[in-house]
Amino acid sequence: MSKQILILPGDGIGPEIMAEAVKVLELANDKFQLGFSLAHDVIGGAAIDKHGVPLADETLERARKADAVLLGAVGGPKWDKIERDIRPERGLLKIRSQLGLFANLRPAILYPQLADASSLKPEIVSGLDILIVRELTGGIYFGAPRGQRELEGGERQAYDTLPYSESEVRRIARVGFDMARVRGKKLCSVDKANVLASSQLWREVVEDVAKDYPDVELSHMYVDNAAMQLVRAPKQFDVMVTDNMFGDILSDEASMLTGSIGMLPSASLDADNKGMYEPCHGSAPDIAGLGIANPLATILSVSMMLRYSFNQSAAAEAIEKAVSLVLDQGLRTGDIFSEGCRKVGTQEMGDAVVAALRNL
């Protein structure tokens, strides 16, 4: 029986970059005889326009039945004025929570060909390879109660809640330790245990889980210091594990150490490694339709999908090698362009990766 992959291009540049990723996926499917079948649907603003909601029930059901989901990006100014509960981003939060995608893996890798693209000195970032493991379905983004109320005198007050259960922390900690075990055997847990009760529990549980991983070196760091250390000396980190909000912020910061968020993929996994894969960048509505968006993060998300959800490491490595070969050829989209290289658009970059993959 064939494996089912649901394609959700989303909004903004999503359809453009997804078209290139699908070309690469289809070639890998044929080249490595993977037996995938692809289905397409809508999410985010595109779903609001079609169904009136950011994630239709039938789309969610298709995602549940699929073996993996490949997503582009959601959101845009067109939908900024509608009710908060039905904005495009709510579709993304809903599909993550409903599919139980609690573990978000966000690599920050500096390709040697792009060393000049980083805003930091080459000696600080050269060879950078960090993996941030972010808890994705708990914490302040999902906590209740939340809302607004009116205080005496008519002043408005807004409030959110940051809850974490022991089981939520334990399962994401295990993912962090498992990833560290097959990499550099170093795990840094990031929290704010000097202030937050949820972080105090987080640290206690991570320490307990560490007993099962004596071969992994565990350290703890407050989130404010971690944000500073990522800029000061990022290569001290191998795998970082942290909560939903801290991970959201730190992974975006880490991505810019590499020179372009347009290069970075991500994976969101459930307990069985079934997952949703998407680029780290957003929908970039300011360049949508111009044909200049960088498709490499989405193409590399295909590679992550093959590795983590389908255990197809040979196909994953081939895609990564194809991307590296294209960079060796000096092809660059505008976001990673530097003197001496050739600037190309979205489609030409995708075609180049396809050609490189075909010739491997």
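Glycine is treated like the rest: Cβ placed from N, Cα and C.
Over in Swiss-Prot, the protein carries these features:
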type	residues	note
BINDING	76-89, 282-294	NAD(+) binding site
BINDING	ARG96, ARG106, ARG134, ASP224	substrate binding site
BINDING	ASP224, ASP248, ASP252	Mg(2+) binding site
SITE	TYR141	site 'Important for catalysis'
SITE	LYS192	site 'Important for catalysis'
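This view paints the features noted in Swiss-Prot onto the structure.
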{"residue": "GLY76", "record": "NAD(+) binding site", "Cβ within 10 Å": "22"}
{"residue": "ARG84", "record": "NAD(+) binding site", "Cβ within 10 Å": "7"}
{"residue": "PRO88", "record": "NAD(+) binding site", "Cβ within 10 Å": "26"}
{"residue": "ARG96", "record": "substrate binding site", "Cβ within 10 Å": "19"}
{"residue": "ARG106", "record": "substrate binding site", "Cβ within 10 Å": "24"}
{"residue": "ARG134", "record": "substrate binding site", "Cβ within 10 Å": "28"}
{"residue": "TYR141", "record": "site 'Important for catalysis'", "Cβ within 10 Å": "17"}
{"residue": "ASP252", "record": "Mg(2+) binding site", "Cβ within 10 Å": "17"}
{"residue": "ALA284", "record": "NAD(+) binding site", "Cβ within 10 Å": "23"}
{"residue": "ALA288", "record": "NAD(+) binding site", "Cβ within 10 Å": "18"}
From PRO88, ARG134, ALA284: binding-site residues whose CA lies within 10 A of ASP248 (Mg(2+) binding site): ARG134
Other residues, Cβ within 8 Å of ASP224, ASP248, ASP252 Cβ centroid (Mg(2+) site): VAL223, ALA227, MET245, PHE246, GLY247, ILE249, LEU250, SER251, GLU253
Binding-site residues: ASP80, ASP224, ASP248 - member with fewest neighbouring CB atoms within 10 Å: ASP80
Chain-internal residues, separated by at least six, CB under 8 A from ILE292 (NAD(+) binding site): THR333, GLY334, GLY345, THR346
Same chain, 6+ residues apart, C-beta under 8 Å of the C-beta of LYS192 (site 'Important for catalysis'), given in sequence order: SER199, TYR222, VAL223, ASP224, PHE246
ALA284 (NAD(+) binding site) to ASP252 (Mg(2+) binding site) - Cα separation in whole Å: 15
For ARG84 (NAD(+) binding site), the one of ARG96, ARG106, TYR141, ASP252 that lies nearest, given that the recorded positions are compared by Cα: TYR141
Rounded to the nearest Å - Cα separation of ARG106 (substrate binding site) and TYR141 (site 'Important for catalysis'): 18
For ARG84 (NAD(+) binding site): DSSP state (helix, strand, coil): helix
Distance, ARG96 (substrate binding site) to TYR141 (site 'Important for catalysis') (CA atoms, angstrom): 12
Distance, ARG134 (substrate binding site) to ASP252 (Mg(2+) binding site) (CA atoms, angstrom): 12
DSSP three-state assignment for ARG106 (substrate binding site): strand
